[in-house]
Amino acid sequence: MAGDHHHDAIDDDNSRRNPDAVNRTYTNDGTGLDLSRTATAPTPKPAGREDDPGLFTTISTTSHHDIHAVPSHSSSFVEVNAAQYERFTERRKLVITAVLSLCGFLAPISSTTILAAIPEVAETYDTSGSIINLSNALYLIFMGLSPCLWGPLSSLYGRRIICVITAFLFFAFSIGTALAPNLASYFIFRMLTAYQGTSFLIVGTSCLGDIYTPTARATALGWFLSGTLIGPAFGPFIGGIIVTYRSWRDIFWLQTALGGLATVLVIFFLPETIPEKKIEELRELPPKERTSQIMHWISPFRVCILLFTYPNLLIAGLASSALVWNMYSLLTPIRYVLNPRFNLTSPIQSGLFYIAPGCGYLLGTFFGGRWADYIVKKWIVKRGGKRIAEDRLRSCYAFIGIAIPACMLVYGWSVDQAVGGIPLPVVAMFTQGVCQLFCFPSLNTYCLDVMQAKGRSAEVVAGNYMIRYVFAAAGSAVCLPAIEAIGVGWFSTISAVFLALCAVALWATTLWGMGWRHSVDERKKKRKSEKAAEMDTMQGGKNGV
């Protein structure tokens, strides 16, 4: 177990007697976070930026709620790379988080806004609702594919430039969707829009990892992720209002306006947050070698290999996927499931049902990230000053394994058996919405933490988003046929079992995840050594000849 690894103890009595003399410093080396004595020293300002005192004012990384979250006897904890998190004032960080939250809102809301208008879109293009629903599944598949490109590119060239480019392309392709003259062009522009949209999620998560300390970033991610979850929930309600009074094309004109606003905000208010771009490491290389290394770094297979090589990353990806599967398989069929159940006749009436999970996501925003950060700090104290990435997962597996499955069972069987009237499924959807915001901040922050020391956080996050949106596409595509075949009750039961199994796997990860990481790293190191020895042998043979 991770907690059983030996680490050097620090005399807490000395720290309490002279708190200004010693700070507890911990670093993430992929094996856990070990403490060492360091003298307190002022953080120097980054070179060349003395003209911007507001941007680089040294600030406390502990918020008011954090003061009460950690027992008063604990020492202060300072990251060894603390200067990275002190480059921006708290106010500037809030502006960055707000801009990223708007950007993160765009692609997910576009994935569901059209749900309330599927019959109208199908009528325009003289096709069936199942075909239009397929376009939404393809939208989610392309959201899953794009992280393999945008994640590595953001580490290579920086977060800001990738966000600016993809925001503009999202804006442009949204115009194309609004004007699409036929079904083929509608499909193409939807997929191109989706491919840009996931960039906001990858870059946004990575940006917050660049500027917030590990013990505070889940709170910021909670706010950021609220946009990515509230969007899909409120999207169909907004779409229902629009399609009741206007053409369905106005849904995409609204999306275009939001994309244009996001582009402007990113250009003027999003600074570069990555401490060092990978491209800087290649300046001294010859052009051929530099190109080869760039192609290696941006290879989509690099993200996939990373995801499937480390069991802990795959389990975190499957847990995220179970949540997203649950969300899209719940939201997608509402108009087809609840309209006949409650005799609803208009898109705006069924759209009201989307407000319940949306309000749940909104309420969970205020507590989910804080809860994840609290659990991390609690376990740092329990371990005597050692931070292990897997401890963060302890904050979410009860929600994934018990609370959300229970909500799904209540929702599915109350609708299937026609019991409880409208309030029962509404309360179930609201409660599962709250619970999801106690899960996503923890899982996303774990992806940031677990390989940050290796400079691969963006790739880990990209792999997580890739697999979760593949499952979102599957949930969106199969939910209607499955519900027609086995009923909403049994389909909800399948979703609940999937969630419970992922919770068990997360529990195992908290116990053995660090050991799994060590084992993979050792195997990689051994293969690298064997390859180097083989190359030396071959070189020696050539020299002998």
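Cβ coordinates come from backbone N, Cα and C, glycine included.
Since we're looking at a predicted model, the values are computed, not measured.
What TrEMBL says about this one:
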{"type": "COMPBIAS", "residues": "1-19", "note": "compositional bias 'Basic and acidic residues'"}
{"type": "DOMAIN", "residues": "96-545", "note": "domain 'Major facilitator superfamily (MFS) profile'"}
{"type": "REGION", "residues": "1-58", "note": "region 'Disordered'"}
{"type": "REGION", "residues": "525-545", "note": "region 'Disordered'"}
{"type": "TRANSMEM", "residues": "94-118", "note": "transmembrane segment"}
{"type": "TRANSMEM", "residues": "130-149", "note": "transmembrane segment"}
{"type": "TRANSMEM", "residues": "161-181", "note": "transmembrane segment"}
{"type": "TRANSMEM", "residues": "187-208", "note": "transmembrane segment"}
{"type": "TRANSMEM", "residues": "220-245", "note": "transmembrane segment"}
{"type": "TRANSMEM", "residues": "251-270", "note": "transmembrane segment"}
{"type": "TRANSMEM", "residues": "303-331", "note": "transmembrane segment"}
{"type": "TRANSMEM", "residues": "351-372", "note": "transmembrane segment"}
{"type": "TRANSMEM", "residues": "393-414", "note": "transmembrane segment"}
{"type": "TRANSMEM", "residues": "426-448", "note": "transmembrane segment"}
{"type": "TRANSMEM", "residues": "469-491", "note": "transmembrane segment"}
{"type": "TRANSMEM", "residues": "497-516", "note": "transmembrane segment"}
| For the transmembrane segment (220-245): best-contacting stretch of 130-149, 187-208, 351-372, 393-414, 497-516, by Cβ pairs under 8 Å | 351-372
| message | Averaged over the domain 'Major facilitator superfamily (MFS) profile' (96-545), what pLDDT does the predicted model reach? | response | 88
| query | Does the chain bring the transmembrane segment (187-208) near the transmembrane segment (130-149), so that three or more CB pairs sit under 8 Å (pairs 6 or more apart in sequence)? | reply | yes
| query | Taking 3+ C-beta pairs under 8 angstroms (sequence gap of 6 or more) as contact, is the transmembrane segment (469-491) in contact with the transmembrane segment (351-372)? | reply | no
| request: With the transmembrane segment (130-149) as the reference, find which of 94-118, 161-181, 351-372 contributes the most Cβ pairs under 8 Å. | output: 94-118
| task | Count the Cβ pairs between the transmembrane segment (303-331) and the transmembrane segment (426-448) that lie under 8 angstroms and are 6 or more residues apart in sequence, then report whether there are at least 3. | result | yes
| said: Take the C-beta pairs under 8 A between the transmembrane segment (94-118) and each of 161-181, 251-270, 351-372, 426-448, 497-516. Which stretch has the highest count? | reply: 251-270
| field | Residues from the same chain, set at least six apart from the ends of the transmembrane segment (251-270), whose C-beta lies under 8 A from its own | value | 95-96, 99-100, 102-103, 105-106, 109-110, 113-114, 117, 159-160, 163-164, 167-168, 170-171, 174-175, 177-178, 200, 207, 238-239, 242-243
| said: Within the same chain, where does the transmembrane segment (426-448) have neighbours whose Cβ lies under 8 angstroms from its own Cβ atoms, ignoring anything closer than 6 residues to its ends? I mean 6 or more beyond. | reply: 205-206, 208-209, 214, 217-219, 221-222, 225-226, 229, 233, 313, 316, 319-320, 323, 326-327, 330, 353, 356-361, 363-365, 367-369, 371-372, 375, 389-390, 392-393, 395-396, 399-400, 403-404, 407-408, 410-411, 414, 457, 460-461, 464
| request: Could you give the residue numbers and ranges of same-chain residues that sit at least 6 residues beyond the transmembrane segment (351-372) on either side and whose C-beta is under 8 angstroms from one of its C-beta atoms? | output: 65, 69, 112, 116, 218-223, 225-226, 229-230, 233-241, 327, 330-331, 334, 338, 392, 395-396, 425-427, 429-442, 445
